[in-house]
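As given in TrEMBL:
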- GLU326: active site, proton acceptor (ACT_SITE)
- HIS327: active site, proton acceptor (ACT_SITE)
- TYR128, GLN190, ASN213: NAD(+) binding site (BINDING)
- SER236, GLN258, HIS261, HIS327, ASP360, GLU414, HIS419: substrate binding site (BINDING)
- GLN258, HIS261, ASP360, HIS419: Zn(2+) binding site (BINDING)
Amino acid sequence: MITTVIADGKKEYDFIELLKSRAQNSDKNVIPIVSEIIENVKTNGDKAVYDYTVKFDGKAPEKAEISADEIDAVISECDPKYIETVRKAAKNIEDFHKRQVQQSWLTTKNNGVIMGQRIRGLKRVGIYVPGGTAAYPSSVLMNAIPAKIAGVEEIVMCTPPMKNGKPNPNILAAAKLAGVDRIFLMGGAQAIAAMAYGTESVPKVDKIVGPGNIFVATAKKLLYGTVDIDMIAGPSEILIIADKSANPKFLAADLMSQAEHDKLASAILLTDCEELANQTVKELERQVQTLSRNEIINSSLDNFGAIIVCSDMKQAVLFANELAPEHLEVCCENPMEYVGKLDNAGSVFLGNYSPEPLGDYFAGPNHVLPTSGTARFFSPLSVDSFVKKSSFICYTEEALRNDAQDVVRFADTEGLTAHANSIKVRFEDIDFE
Ligand SMILES: NC(=O)c1ccc[n+]([C@@H]2O[C@H](COP(=O)([O-])OP(=O)(O)OC[C@H]3O[C@@H](n4cnc5c(N)ncnc54)[C@H](O)[C@@H]3O)[C@@H](O)[C@H]2O)c1
Ligand SMILES: N[C@H](CO)Cc1c[nH]c[nH+]1
Ligand SMILES: [Zn+2]
């Protein structure tokens with residue numbers, strides 16, 4: 001079961017180092033596997049993707065792309081109540097992300113100089129929607145809605161087929177509602193490589209976004225540069241900081257909500273209350289028996305789960321910032337007090353009634369979030385992830401004349417005479433120093 005460590009001034013620091021190194025090293029073994037897949041797809045295109053789909057997903061569809069007619073036929077199988085829920089979630093996600101939109105701007109200075117920044121949607125993006133051990137229609141919404149708001153011209157989606165080689169109807173319904181343009185049934189590193197290089201059927205994209213397991217996350221990392229990526233959004237993580245006011249039943253449930261994603265998922269509790277830690281262990285043992293994915297949960301908690309009884313809540317905050325988790329729940333008496341102290345987390349859930357799964361599906365903020373400690377420098381998926389910015393400058397002759405001497409001096413200092421010359425030829429009447 002989960003490892004519990006009690007603060008003694010050293011053990012807890014050593015354990016935090018261990019947890020950090022676990023998160024960073026987990027992809028070492030898969031790099032050679034993923035590199036081979038990428039090379040094969042680059043060389044052999046659709047044929048390689050087909051073979052990997054058979055190998056990893058069970059059965060490959062004859063044609064990887066799903067036609068519009070097929071989509072409509074499959075969607076008719078969905079439960080209308082589910083469609084209604086998707087619509088409500090989509091509305092919340094749209095409302096949240098619309099607030100992120102940045103406008104192009106220009107400014108005119110007193111001397112007539114105009115400059116500004118043009119912001120526009122990327123031309124073609126690839127969104128990855130996981131579908132291995134579970135199907136993720138919620139990830140379709142989280143990827144596609146901000147892309148649409150950003151004005152992306154074409155959204156290409158890849159998701160693995162179900163075991164019978166067919167598409168998951170609930171994923172297709174979410175894709176249609178969110179405005180995805182083309183859908184391909186393929187998963188894992190091979191799907192990422194197909195979108196990065198293009199194949200006979202899959203178009204090459206400018207950027208790949210979206211979460212996935214360790215094979216997907218590693219492929220994105222290796223292909224960065226051939227294509228842009230959003231971040232490393234690998235196996236899920238939850239870290240909870242809790243004081244004695246927290247409810248162990250809620251804590252255990254929330255820890256396991258992320259552990260059930262993947263054997264490599266991590267679930268960590270930091271508390272200053274030993275009694276709460278013990279009660280949470282008991283709750284984990286009790287509740288896990290009632291959950292369908294208990295095998296994955298047990299493996300995840302065994303290998304990547306931890307409860308640390310900290311010396312105080314200040315130490316809990318310090319460790320939370322060190323670990324930089326994907327999701328951070330604050331189950332403390334005054335949760336708002338912590339907001340300004342938590343610097344490194346993908347998404348923060350405040351109070352006993354903001355459980356992590358609410359954010360996964362419904363509240364509005366994006367659930368595609370940085371993992372493996374990369375929340376230190378990556379941000380959640382957002383409208384920003386789908387735009388490109390170009391700046392522009394327009395000087396008048398008079399304005400350039402005024403700045404000419406300074407620009408020439410800078411160019412001369414760098415030893416770049418051609419740069420200086422481009423200014424000088426415009427003002428042959430100026431005697432440059
Ligand atoms: N960070 C986030 O924002 C976020 C959001 C949602 C989900 N997730 C994570 O996404 C992941 C989803 O994982 P999943 O496995 O269910 O679906 P997935 O679609 O990411 O992966 C399935 C694919 O993995 C490949 N694969 C499986 N075993 C392989 C092997 N031995 N060698 C090579 N390739 C192999 C196959 O191609 C398969 O199609 C979970 O880890 C979950 O925690 C993260
Ligand atoms: N918790 C996942 C991100 O790590 C997102 C998700 C989708 N569905 C359920 N959960
Ligand atoms: Zn989740």
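Using N, Cα and C of the backbone, Cβ positions are placed for all residues, glycine too.
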Rounded distance in angstrom between the Cα atoms of ASN213 (NAD(+) binding site) and SER236 (substrate binding site): 9
Candidates near ligand 1 among the recorded positions TYR128, ASN213, HIS261, HIS327, ASP360, HIS419, judged by a Cβ under 6 angstroms: ASN213, HIS261
Among GLU326, ASP360, GLU414 [recorded positions], residue with fewest other Cβ within 10 Å: GLU414
Listed recorded positions with Cβ under 6 Å from ligand 2, out of TYR128, GLN190, ASN213, HIS327, GLU414, HIS419: none
Distance-selected recorded positions near ligand 3 (C-beta under 6 Å), from TYR128, GLN190, ASN213, HIS327, ASP360: ASP360
Three-state secondary structure, which DSSP defines for HIS327 (active site, proton acceptor): strand
Output field, NAD(+) shell: CB within 8 Å of site CB centroid, site TYR128, GLN190, ASN213 dropped: PRO130, GLY132, CYS158, PRO160, GLY187, GLY188, ALA189, ALA191, ILE192, GLY212, PHE215, VAL216, ALA219
Residues that sit under 8 angstroms from GLN258 (substrate binding site) by C-beta distance, when 6+ apart in the chain: SER236, GLU237, ILE238, ALA265, SER266, ALA267, HIS327, GLU356
In the chain carrying GLN190 (NAD(+) binding site), residues 6 or more apart in sequence that have Cβ under 8 angstroms from it: ILE37, ASN40, VAL41, ALA48, VAL49, TYR52, THR53
Alpha-carbon distance [GLU326 (active site, proton acceptor); GLU414 (substrate binding site)] in Å: 44
DSSP three-state assignment (helix, strand or coil) for ASP360 (substrate binding site): helix
Whole-number Å value for how far GLU326 (active site, proton acceptor) lies from ASP360 (substrate binding site) (Cα to Cα): 12
Residues TYR128, GLN190, ASN213 binding NAD(+) per the record - widest CA separation, whole Å: 13
Least surrounded among the recorded positions, given as HIS261, HIS327, HIS419, when other CB atoms within 10 Å are counted: HIS419
